[in-house]
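What follows is one structure encoded as structure tokens, with my remarks underneath.
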Amino acid sequence: MKLLTERIARDGQALDRDILLVDSFLNHQVDMQLMRQIGDAFAAHFRALGVTRVLTIESSGIAPAGMTALALDVPLVVMKKRTSRITAGTVYQTNVRSFTKNTEYALTVSQKFLFPGERVLFIDDFLAMGEAALGAARLIEEAGSVLCGIGIVIEKTFQPGRKKLEDAGYDVFSLARIRQMDTGRIEFLA
Ligand code: G4P
């Protein structure tokens, strides 16, 4: 998506070889006009799959996923990150390790909002190690729903996320693909 890669090139900041700062338009301050276009791009790509709900993880996935849900006219479901397991049988939970942030959390979704027969589109801001998306996929499967697509705003192609998701049989579509980066330099995959 040209508008997005131009924005990353202009306002993104590569802190090192691994971390891209996009807090002026995606992670902290959010450019909602850009989010609208991101939502439209995901909706155009995934519309034919018969998506019945869009799923994301708090917090930075909410804006792009919300605009996608709006464009597809389906509900948005936001999975929570809990620090401890809740044992009551009203939620689905799975542990996810965040390598970038060196934390672990229990990815949680209410059984009221994910159930058999739903066709789910998972949207997230970054694809790095793929652990968040794989965690979401586990919960979708446990709920008896179908994960019909994964939409990523910014994919770091030099990290193993895509391979892990494709090896698991999922279709991944990214709007911006970064080939490599380093302090002050960002290269995109054509
Ligand atoms: P994964 O999401 O592919 O499993 O990879 P990883 O565990 O490494 O990422 C964990 C968190 O770090 C996620 O945020 C992800 O969005 C964020 N992240 C990964 N790479 C980058 C990067 O280059 N730049 C920035 N700004 N963030 C990155 P999270 O823990 O879900 O937090 P939130 O911001 O959504 O609340």
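Residue numbers in this text run from 1 along the chain shown.
Glycine is no exception: its Cβ is also placed from the backbone N, Cα and C atoms.
Note that the coordinates shown come from a computational prediction; the quantities given were computed from them, not determined experimentally.
Taken from TrEMBL, the feature xanthine binding site applies to Leu20, Asn27, Lys156. There are 20 other CB atoms within 10 A of the CB of Leu20 (xanthine binding site), with all protein chains counted.
On the 0 to 100 pLDDT scale, the model's mean across the domain 'Phosphoribosyltransferase' (37-159) is 95. If you look up TrEMBL, you'll see 37-159 marked as domain 'Phosphoribosyltransferase'.
Under DSSP, Ala132 (5-phospho-alpha-D-ribose 1-diphosphate binding site) is assigned to a helix (H, G or I) in the three-state scheme. Counting only residues at least six positions away in the same chain, the Cβ atoms of Ile57, Val96, Ser98, Leu107, Asp124 sit under 8 Å from the Cβ of Ala132 (5-phospho-alpha-D-ribose 1-diphosphate binding site). According to TrEMBL, the feature 5-phospho-alpha-D-ribose 1-diphosphate binding site maps to Ala128, Met129, Gly130, Glu131, Ala132.
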Residues near the 5-phospho-alpha-D-ribose 1-diphosphate site, Ala128, Met129, Gly130, Glu131, Ala132 excluded, by Cβ within 8 Å of the Cβ center?
Ser98, Phe99, Leu127, Ala133, Leu134, Gln159, Gly161, Lys164
Taking just the CA atoms, what is the gap between Ala128 (5-phospho-alpha-D-ribose 1-diphosphate binding site) and Leu20 (xanthine binding site) in Å?
11
Rank the binding-site residues Ala128, Met129 by the number of other Cβ atoms within 10 Å of each Cβ, and give the residue at the low end.
Met129
How long is the line from the C-alpha of Gly130 (5-phospho-alpha-D-ribose 1-diphosphate binding site) to the C-alpha of Lys156 (xanthine binding site), rounded to the nearest angstrom?
10
